[in-house]
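What follows is one structure encoded as structure tokens, with my remarks underneath.
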């Protein structure tokens, strides 16, 4: 075991641009201020309090600014008198007491990890241990971002001057719909795939209500400490644990580090259970039968739900096969991601869930998993399609895969080709091919029929936009028998 886990969270990605976090200092001044700013000077925020209860006039803001200059000129030797701070202090106390604790549903600005303020909605609140009657922590949703970034924040991260009243959810949804631009509607249409059931509005609202607060904040898996994205329905006895410790080989999970260390001394697994069906270099793929390895399958589902939204957690894993992608070294085979599929699917689903763990994302593994699922479909002699609804990241990955595979064929192919022929060559379902080509505006209606317009320059432009294909599956290294043929 290594000495300690690597912490992996959103800000560890260099793409977040930490160089942009440049502090900004603003000093309010008046004409009397002459001395230059010194590093030891204090930054003072001067408010304009309301009239005092004793009838005294509201302090002049210009005088207050000049008082600030006097404080800066005097440096560390200046100590404001009680009557200089008390009015503002009392004002702030009254302001806080009038709005605290914040109600669930309140809109407010919150300081995020980039040190900038973003609009949030209060989802839940909890009392601070040993705190006062108004001392709460707030679970907030950043309205500009995906739910995976929801988190608990402290009061000092919130800008109380920006507090808005609680908005009725139904009215809010209606207003948001009315404000949607034509461009936004077009983008939604582009990412919608017809013919597959998705969560309706009522089901989505029920799902988000049940899963609104993440129960586990971080997990330790192998050498990584990973921030979670979503709620996962672990057994009740684990819900009071902000962090869980997973064995990276058998996926058993524990509440304490010492428990994991004891377990690792006894666990004899060095790779996922099941059959190794692919090995190329340091990459291996294992097929795990949910019926033969029920506990492993259930633990994998608990783990995956921490990073997948809008997916049903199946406790009956007997019906599924799990394909675990691993990086292998002298310590064992370490899971980087997986996909699952039903043993028998009437809808031609060749994939139920797909996940690349956060520490291994942006390395081409998601594309590899998608390509691998289609290679299995080719071995079965069937066309396939992923189960819907797809996650946001999953949809982007699939659209990129379909684009690269289809356009690569169109670019090399000479003569006419039909949608069915493309489907037979790629194992991609005809509906997915049609939707992909339509989204790229490569389907035109001519002389009473739909035709594919494959202008080479247009194909090159779309291929460039789709990005690299990632890791390739070496079919010669795949040793696999379809499930229906197994004894």
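Glycine is treated like the rest: Cβ placed from N, Cα and C.
Now, the feature entries from TrEMBL:
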type: DOMAIN; residues: 211-482; note: domain 'MYST-type HAT'
type: ACT_SITE; residues: 387; note: active site, proton donor/acceptor
Set of same-chain residues at least 6 away whose C-beta sits under 8 angstroms from the residue listed as 'active site, proton donor/acceptor': 347, 349, 351, 352, 353
Reported mean pLDDT - the domain 'MYST-type HAT' (211-482): 92
Conformational class of residue 387 (active site, proton donor/acceptor) under the three-state DSSP mapping: coil
